[in-house]
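Contents: one structure, followed by commentary.
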Amino acid sequence: MSASNRTGPSPLTFILTGIPGLPMSSYWMALPLCCLYLLMLLGNCTLLWMIKTDHSLHTPMYYFLSMLAMADLGLSLTTLPTMLAVFCFKSTSFRFEACIVQMYFIHSFSEIESGVLVAMAFDRFIAICYPLRYASVLTSTLIMKAGAAIFMRGICVVLPVAVLIKKMPFCRSRVLSHSFCLHQDLLRLVCGDVRVNSVYGLTMVMLTKGLDSLTILLSYTMIIRAILSIISQEARAKAFSTCISHLCAILIFYIPLLGLSVMHRFGKHLPPLTHALMADAYLLVPPVLNPLVYSWKTKQIRRRILILLCQRRSQQHA
């Protein structure tokens, strides 16, 4: 079917798939999936509410953390409709235009999250390497500009991907590998020349997530050097502990992302179950785990949660 036929009486649709080997409407998948989404919503919304209401958390680190929570919410809510439709309602047909929109937002929020992780690495770098200049460097104006730049980058770099894929002819199988739309998955169904799409997609990834990962690596190289130069063992441990949550967030985000990218390009011989599980981990694990990691490792957030629990318990006994 050519691109010109999409406006005809038979619109182009794709078939979404669930977990290979499991029934499409299996409760073994639907129930855990709903629990993960509820946990994601509860964790990230609670984190945003605490940062907004507690004035002691109005610092650059927590402003960046709130951006990370919003990116996680956007990424998860983008995939929520189709994943629930596939696993809970056995609805697999998905219109081409809706697939393009979902693909755009998935990749945009992923770019935004990667940019926020870079900003948080810069925050830790200034806090540990130049603590006396922290307040003068990370001003409210700089944080707002950084947030706007991260948001605009996520919007702009993915837009050409959506425009290019929309003009491609799809005449092969229309069965997707996942219960949501990804750029790499759509490209394999195109029957035309995809060199421009592939080159731009690879260039975009290298100039965004590639540079982001290198920037984070460079930041932590200098952070570790600064920590090792501290004479006091106690002060060294305290300085390193302030980075643990961010390091966990980096690993939670980049390990599934790199695994999925490598499998799409070099792991075509792997079973479909491996691709499906890695894609689901890439989109579900970071939004679920990030609030838990920061709540567990950040003293201010942990204290705030304990205060709220104590207040609620006292209200119930009153």
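Keep in mind that glycine also has a Cβ here, set from the backbone N, Cα and C atoms.
So that you can see what the record holds, here are the features copied from TrEMBL:
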DOMAIN    43-294  domain 'G-protein coupled receptors family 1 profile'
TRANSMEM  27-51  transmembrane segment
TRANSMEM  63-89  transmembrane segment
TRANSMEM  101-122  transmembrane segment
TRANSMEM  142-165  transmembrane segment
TRANSMEM  213-231  transmembrane segment
TRANSMEM  243-263  transmembrane segment
TRANSMEM  275-294  transmembrane segment
Should anything in the same chain at least six residues away from the transmembrane segment (101-122) have a Cβ under 8 Å from its Cβ atoms, list it; otherwise answer none. 61, 64-65, 67-68, 71-72, 74-75, 78-79, 82, 146-147, 149-151, 153-155, 157-159, 161-162, 165, 180-183, 186, 208-209, 212, 215-216, 219-220, 246, 249-250, 253, 257, 283, 286
Report yes or no: does the transmembrane segment (27-51) come within contact of the transmembrane segment (275-294), defined as 3 or more CB pairs under 8 Å with a sequence separation of 6 or more? yes
Given the transmembrane segment (63-89), which of the listed stretches 213-231, 243-263, 275-294 has the most Cβ pairs that are under 8 Å apart from it? 275-294
Same-chain residues at least 6 beyond the ends of the transmembrane segment (213-231) with a Cβ under 8 Å from one of its Cβ atoms are 117-118, 121-122, 124-125, 128-129, 239-240, 243, 247, 250, 254
